[in-house]
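Novice: One structure is given below, represented as structure tokens, and several questions about it will come after.
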Amino acid sequence: MEALLASAVGVLTAAGIFLILRRRTFPVILGLSLLTYAVNAFLFATGRLALNAPPVLNKYEEVAYTDPLPQALVLTAIVISFGMTAVIVMIALGAYLSSKDDRIDMKAHDSVDAAPGEDA
Amino acid sequence: MNHWIIAPIVLPALLAPFIIMVLRYHLDLQRIFSVAGTVGLVGIALTLTAQAAGGEIQVYELGNWPAPFGIVLVLDRLSALMVLLTSLLALAVVLYAMGSGWDKRGRHFHPLFQFQLMGVCGAFLTGDAFNLFVFFEVLLIASYGLMIHGGGPVRFKAGVQYVTYNLLGSTLFLFALGTLYSVTGTLNMADLAVRVADLPTEDTALLRVGAVLLLLVFCIKAAVLPLHFWLPASYSLAPMPVAALFAIMTKVGAYSILRMYTLAFGPDVAITQGLAGDWLLPAALVTLAIGAVGILGTQHIARMVAFAAIASMGTLLIAVSLFTPQATAAALYYAVHSTLAAGLMFLIADLVIERQGGRIDGMTPMPQSGLIATLYFIGAIALAGMPPLSGFVGKLLVMDAARDAGDFTAIWAVILVSSFITIVGLARAGSLIFWQSHDARHNNEPDPENEDKVIHLPPPEPMPVLTFSAVFGLVAGLIGLTLFAGPLMEYTSSMAEQLYTPDHYIDAVLKGGEQ
């Protein structure tokens, strides 16, 4: 179980970082999604792995329970990363449609010279 | 409980959706409400500062849940000052954005602006590490919208890069928080401090990894080299009033470093001793050096000011990384100064860009050249740290505080040499833009390479009174900062004292419910 989860986090992170280093926006966004999956699985494990245990205390008897806080954190992280992915997809679409170009890097003259006044 | 503490978060959080849903098509009403909200925020921040000035640390328990279990907001002198600084800068920026018509060039400027204020104020006030992450996301998601305000292909591209970089930072933040939680079992900052101090010293590798990851995240926010790559493009391609507001965002990173590494991983904690300072100091020195070289090397005024912002973060973090009360007091003074100065310079850069495009090559003359040149001169003096303005006082305080540090020769050398390079760079840009300008038609043939990207300037702003009152307001702030440097320095010293006695903070948070 531990080995499975650890390798899953590792593989997802590695694949995510590889994709983020690509030159077009689509793989980069996929890479960001993979990274957020990795971090969600990682956060889940920070409360220690427990099988078949409820995330609530039982006040009538002593039973095993799993830490509920990481689950709440993961839920927050999922919501935030989902929203952020939606935002970056929209911005990337805007960039693609306005410049007819899907590249994530900028040409030299884009960054230095004309931009702020030109597109105002 | 003192309900004023949550007011800086609730006010913009209610105002922004109200503007979106009710005032969507009424720009005039949006402006009125946005300015009224920002003025209200200034009032709230003044109240909070007055309440915190006595030195009592106040705690606001959300939902009345006691501290390690619920989320708390904590008001101390430092957070009150940062909220006040945010609100004052925001007031200048919103007035400028209205006066220059920037808020008309895209939709939803004012709601995004208010959400941004909510996130920044929340980050300054929260006492919970995960809540800090949430407020970081709030301020970031608003900043994504503000950064691409007005649109345009280049700005969108810079926006994609900016969002990507910050999403990576957020992921790293979550990894850091997960690591810390797995070791300590808590995310409340005060509780974290208690647990970290109690940990056995043998088995702490994981905790130190978490602490360094967290430092990296804050360094991304503070644009410390080598994690600064997002800043020059995004600040120089964002609308300039937005970039002026972003001057406070890098300070959120510096504030978080200061908060976490005096409270939870403080200088007295054996496990993480020297972890932050040893790494941060060289990085801050290189940041300052690169920022100064960047000022000299750029061809566009917006990019130049962005590098000046990086350089000022370098100076600020040199003072932070020393982790002594005296250096921290100097850092806080410098933080106030550099926020106002960078904000002022971004606004002046916008005045220049609106009139002649902003390229540092002395081609086109512009209207109101004398007035803007004077303002540029004042801003440059403040930013470079020359007498008589507050930048000089700030740098002097930082250098004085560094005198007792081990490698003070390196610190002094870097600060002095980079100040010199900054002065040369700003003077070069100023003289090219304001003195060497002559009509391009008399000069030379239009450059065939650049012919297709002739700059189409927008019409001059409808309400110059507002733009200039915002700019002069910031100038007045800088002058005030210089005149009242003594009392302010005493106040920042008392803040630093509060930061380096974390027991008061911990007691206030963890025993808050019982009082």
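The backbone N, Cα and C atoms fix where each Cβ goes, and this holds for glycine too.
Unlike curated entries, TrEMBL annotations are predicted automatically.
As listed in TrEMBL for this protein:
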DOMAIN    B:128-422  domain 'NADH:quinone oxidoreductase/Mrp antiporter transmembrane'
TRANSMEM  B:6-25  transmembrane segment
TRANSMEM  B:32-54  transmembrane segment
TRANSMEM  B:74-97  transmembrane segment
TRANSMEM  B:117-142  transmembrane segment
TRANSMEM  B:162-184  transmembrane segment
TRANSMEM  B:205-231  transmembrane segment
TRANSMEM  B:237-258  transmembrane segment
TRANSMEM  B:279-298  transmembrane segment
TRANSMEM  B:331-353  transmembrane segment
TRANSMEM  B:373-398  transmembrane segment
TRANSMEM  B:410-435  transmembrane segment
TRANSMEM  B:465-485  transmembrane segment
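Please situate the listed features within the shown structure.
Specialist: Residues 2, 4-5, 7-8, 11-12, 15, 18-19, 23, 75-77, 79-81, 83-84, 86-88, 90-91, 94-95, 98, 110, 113-114, 117, 121, 491 of the same chain lie 6+ residues outside the transmembrane segment (B:32-54) yet bring a C-beta within less than 8 angstroms of a C-beta in it.
Using a Cβ-Cβ cut-off under 8 Å and counting only residues 6 or more beyond its ends in the same chain, the transmembrane segment (B:117-142) has close neighbours at 5-6, 8-9, 12-13, 16, 38, 41, 59, 71-75, 79, 82-83, 86-87, 90, 166, 170, 173-174, 177, 180, 187-190, 192, 221, 248-249, 252, 255-256, 260, 509.
Below 8 angstroms of C-beta separation, residues 129-130, 133, 136-137, 140, 144, 147, 191-192, 195-196, 199, 204, 206-207, 209-211, 213-214, 216-217, 220-221, 229-230, 233-234 of the same chain, each at least six residues beyond the ends of the transmembrane segment (B:162-184), sit close to that stretch.
Under 8 Å from some Cβ of the transmembrane segment (B:279-298) lie the Cβ atoms of residues 212, 215, 219, 223-226, 228, 232, 257, 304, 306-318, 320-322, 360, 407, 410-411, 414-415, 417-419, 421-422, 424-426, 428-429, all in the same chain and six or more residues away from its ends.
Cβ atoms under 8 Å from those of the transmembrane segment (B:331-353) belong to residues 78, 81, 85, 88-89, 92-93, 96, 100, 102, 235, 239-241, 243-245, 247-248, 251, 254-255, 258, 301-302, 304-305, 308-309, 312-313, 315-317, 319-320, 366, 368, 372, 375-376, 378-380, 382-383, 390-391, 393-395, 397-398, 433, 467, 470-471, 474-475, 477-478, 481, 485, 488-489, 492, 495-496 of the same chain, restricted to positions at least 6 beyond its ends.
Residues 281, 285, 288-289, 291-293, 295-297, 301, 304, 308, 311, 314-315, 318, 352, 356, 360-362, 369, 372-373, 376-377, 380, 383-386, 395, 398-399, 402 of the same chain, all 6+ positions outside the transmembrane segment (B:410-435), place their C-beta atoms under 8 angstroms from a C-beta of that stretch.
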Novice: Cβ pairs under 8 Å only, please: of the recorded stretches B:74-97, B:373-398, B:465-485, which one is richest in them relative to the transmembrane segment (B:237-258)?
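Specialist: Result: B:74-97.
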Novice: By Cβ distance under 8 Å, which residues at least 6 away from the ends of the transmembrane segment (B:465-485) in the same chain are close to it?
Specialist: 88-89, 91-93, 95-96, 98-100, 333, 336-337, 340-341, 343-344, 347-348, 351, 371, 375, 378-379, 382, 388-390, 393
Novice: Report, as numbers and ranges, which residues of the same chain sit near the transmembrane segment (B:74-97): CB under 8 Å and 6 or more residues beyond its ends.
Specialist: 2, 5, 8, 34-35, 38-39, 41-42, 44-46, 48-49, 51-53, 55, 57-60, 103, 109-110, 113, 117, 120-121, 124-127, 190, 239, 241-242, 244-245, 247-248, 251, 255, 258-259, 332, 335-336, 339-340, 343, 347, 350, 466-467, 469-471, 473-474, 477, 491-492, 494-495, 498-499, 505, 508-509
